[in-house]
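Here is what TrEMBL records for this protein:
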ACT_SITE  Ser220  active site, charge relay system
ACT_SITE  Asp346  active site, charge relay system
ACT_SITE  His375  active site, charge relay system
DOMAIN    140-381  domain 'AB hydrolase-1'
TRANSMEM  25-49  transmembrane segment
Amino acid sequence: RPACAMDWQVLTRELSLYLESQVRVGLFGSGVGLSLVLGFGVAYACYYLSSIAKKPQLVASNDRFCRFLEEYCPVVTETYYPTIWCWEGRVQTLLRPFITSRPEVQYRNELIKTADGGQISLDWFDNNDSLYYPDASARPTVLLLPGLTGTSKESYILHMIHQSETLGYRCVVFNNRGIAGEDLLTPRTYCAANTEDLEAVIHHVHSLHPSAPFMAAGVSMGGMLLLNYLGKTGRDTPLMAAAIFSAGWNVFESVESLEKPLNWLLFNYYLTTCLQSYISRHRQILEKLFDMDLVMKARTVREFDKQFTSVMFGYRTIDDYYEDASPCRKLKSVGIPVLCLNSVDDVFSPGHAIPVETAKQNANVALVLTSCGGHIGFLEGIWPRKCTYMDRVFKQFVQAVFEHGNKIFSM
């Protein structure tokens with residue numbers, strides 16, 4: 001063999017023996033091992049601070065709205081530091097339900113009737129011990145809309161109520177038909193495009209407390225529904241303002257993202273089975289109108305919507321439904337101040353589908369876009385059990401609207 005090849009083999013063998021001896025000594029019993037750990041730590045810290053921890057992008061065409069947010073909701077201009085060991089979007093999305101705590105909340109349930117003979121379950125947190133607003137008639141009210149298969153028991157809803165409690169506010173959670181344990185009285189469920197039930201709930205809540213300041217916050221599909229309602233009503237709503245979190249802006253782009261192999265495995269299939277489990281509880285009344293066996297064969301959200309949701313609400317095709325359900329098409333018509341938080345690494349709402357240019361055309365809209373956070377994730381801190389970045393945005397914006405809202409309502 002050539003001498004150079006022999007020398008290389010000897011050098012490689014000696015290096016291997018040296019590294020093995022270092023491992024036997026112990027990682028921290030060796031200067032080299034400690035140096036490697038420190039070097040990796042410094043490199044990761046540099047990468048994290050330069051590429052991961054960033055200030056969110058604030059998109060708003062109205063200078064008054066921007067100044068209002070900078071003064072009374074400063075969290076939207078501060079650097080967001082995602083949890084250093086799980087900042088990737090999919091990881092944040094998967095871990096949040098398991099990591100975050102579940103504050104104890106005592107609800108008062110109310111069932112209200114709908115015009116078609118159905119019923120809607122509302123869970124009230126009255127906050128009767130409020131020190132800031134002892135007069136219930138004047139106590140600010142926040143209407144909360146959970147996600148696609150979510151209810152008042154979701155951890156993100158419980159945290160919003162906890163934040164509202166500290167401020168003295170009252171909350172009411174709008175549970176979509178049949179999803180919170182109540183019976184489905186008519187063969188009708190819900191979707192992101194049909195706002196009739198939400199309109200009924202808003203009218204009902206406002207009629208109970210007509211003098212109380214009133215706003216709403218929607219998460220994921222709840223945010224989409226709220227945006228579609230606001231796009232339909234414009235200024236003709238009793239809501240003062242709204243906060244939107246992790247909404248899917250373009251349903252076509254959302255389902256396409258969720259159908260990518262890894263996303264289907266992690267999210268799409270599970271979400272589809274949750275939807276099927278939900279309607280199977282009401283099979284007896286739904287099978288009067290639907291081939292439930294066919295619906296139960298769906299393996300993606302798109303297939304479920306094609307066989308069930310679009311048919312239930314009378315759409316000719318699933319594309320017609322998805323077009324009507326996409327809030328990006330109604331954003332120009334929103335007539336009250338709305339703050340929308342999204343992460344650009346959210347597989348449920350891809351960054352390229354966020355309607356940045358459309359938002360710039362409406363003075364009532366402000367987008368807050370983080371580089372990390374996933375879908376309803378926004379974890380921060382070493383062990384993110386309690387408050388998330390989303391929680392802080394919610395708390396500051398709600399407080400800003402109720403206590404200083406007159407400074408933006410003249411826009």
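Count begins at 1; order follows the chain as displayed.
The backbone N, Cα and C atoms fix where each Cβ goes, and this holds for glycine too.
Curation does not apply to TrEMBL; its annotations are automatic.
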Cβ contacts of Asp346 (active site, charge relay system) (under 8 Å, same chain, 6 or more positions away): Gly89, Thr93, Ser246, Gly373, Gly374, His375
Other C-beta atoms that fall within 10 angstroms of the C-beta of Ser220 (active site, charge relay system): 26
Protein Cβ atoms within 10 Å of His375 (active site, charge relay system), excluding its own: 25
